[in-house]
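One structure is given below, encoded as structure tokens.
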Protein chains: 2
Amino acid sequence: MARDREQPISDAVIKRLPIYLRYLTYLDRMGVRTVSSHQMGKDLGLNPAQIRKDLAHFGEFGRKGIGYEVRYLIKKIRQILHLDQLIPVALVGAGHLGTALARYNAFQQDNMRIVAIFDHSPLKAGREIDGIRIQPMEELQPTVKEKDIRVGIITVPDYAAQEVADLLVEAGIEAILNFAPTIIHVPPHVRVHHADLTTELHSLAYYLRQPEYLVM
Amino acid sequence: MARDREQPISDAVIKRLPIYLRYLTYLDRMGVRTVSSHQMGKDLGLNPAQIRKDLAHFGEFGRKGIGYEVRYLIKKIRQILHLDQLIPVALVGAGHLGTALARYNAFQQDNMRIVAIFDHSPLKAGREIDGIRIQPMEELQPTVKEKDIRVGIITVPDYAAQEVADLLVEAGIEAILNFAPTIIHVPPHVRVHHADLTTELHSLAYYLRQPEYLVM
């Protein structure tokens with residue numbers, strides 16, 4: 001869907017779609033059938049006009065006076081994000097964060113599925129996380145090809161992140177989600193997103209009460 | 001700073017500030033002294049006009065033809081987000097994600113510092129993560145008061161999240177970062193942000209090549 005369009009959709013719009021999806025999935029679980037952009041904006045802390053504009057990039061999903069049909073919009077956003085197909089994912093780094101992600105992923109029963117886990121430590125290779133065997137790094141390249149893995153998640157320490165990224169790129173991966181607190185460089189045909197666990201924490205601090213004795 | 005203003009700043013603006021901060025900190029580490037909103041927009045996938053507008057809410061930080069001074073802007077954003085003061089944080093749930101966060105936090109040497117970790121499991125209580133002792137849940141209330149803890153991070157399973165949120169609110173916490181994959185409810189004076197590890201992964205999927213054989 002995304003390739004034939006004249007004007008590319010901005011990254012900011014694409015980054016908001018999963019937030020809409022998560023919210024709508026919650027509404028669906030609560031039995032809500034339709035929702036207005038006004039209500040969405042209120043619940044998500046976003047401008048309703050922006051939400052309407054974001055969604056209008058992809059089609060006419062809303063109806064005047066009714067709003068959006070929750071299930072239909074979920075289906076559409078999943079299509080737009082390519083989440084209606086199975087996307088095999090490899091995770092590199094079976095430390096605490098990697099283990100948490102592998103378990104979380106299994107729990108969510110998502111179409112983006114971690115199908116292989118790699119770790120450089122011989123102590124970890126052979127162990128399992130939720131039924132997936134941890135493989136040594138040497139098996140990364142053949143496994144990526146064999147299992148048609150398209151996305152890599154990096155959960156290694158910062159000093160090892162670039163090396164792992166290079167291996168993933170060499171193996172033919174198309175996109176990388178990097179949790180290591182450093183910037184990694186990849187060729188232009190590979191997409192990288194940086195996930196930072198502290199971003200949400202930092203924006204929370206803004207809302208704390210200011211102690212009276214503090215001079216700013 | 002945030003309270004005396006006539007018009008409240010939208011949540012969307014506040015959520016972008018930590019992204020600017022992370023980016024600027026990276027530039028500073030690379031030795032970059034000034035940056036234009038145009039360059040920032042390009043690197044962050046955001047509209048330069050939006051960046052200028054976001055920052056203009058808080059003052060006149062940029063200079064025509066020069067752009068923003070990196071270190072000055074870092075200092076200002078840290079002030080705006082209240083990150084120039086020490087903010088004690090409690091973490092509840094010493095599983096894999098909690099452990100990863102506690103370690104990550106220590107590594108970052110942030111002003112938002114995890115100073116207490118709680119877990120309901122008697123097997124975990126007494127153990128340490130990077131020098132911080134895991135305490136039983138019964139000690140949450142007195143410890144929050146004693147250490148003047150203002151922010152709580154929830155990394156327990158989804159079914160336990162609401163109960164933990166209630167305990168944190170009762171103990172007097174002002175803000176909560178919830179990593180459990182569920183919505184939690186709190187009184188209006190408490191701020192909640194939901195951190196979802198899958199959001200970035202989902203927006204990545206959009207950029208994958210579409211196989212030719214797939215009919216959308």
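Every residue gets a Cβ built from N, Cα and C, even glycine.
Please treat TrEMBL annotations as automatic predictions, because they have not gone through curation.
Residue counts of the DNA-binding region (B:19-58) by helix, strand and coil are 28 helix, 2 strand, 10 coil (DSSP-based). Positions annotated as DNA-binding region by TrEMBL: B:19-58.
The domain 'CoA-binding' annotation in TrEMBL covers B:82-183. The average per-residue pLDDT of the prediction over the domain 'CoA-binding' (B:82-183) is 91, rounded to a whole number.
Here TrEMBL flags B:Gly93, B:Ala94, B:Gly95, B:His96, B:Leu97, B:Gly98 as NAD(+) binding site. Within 10 Å of the C-beta atom of B:Gly98 (NAD(+) binding site) sit 26 other C-beta atoms, taking all shown protein chains into account.
Cβ neighbour density within 10 Å is lowest for B:Gly95 among the binding-site residues B:Gly93, B:Gly95. Proximity to chain A (CB-CB distance below 8 Å) holds for B:Leu97 among the binding-site residues B:Gly93, B:Ala94, B:Leu97. In three-state terms derived from DSSP, B:Ala94 (NAD(+) binding site) belongs to neither a helical nor a strand segment and is classed as coil.
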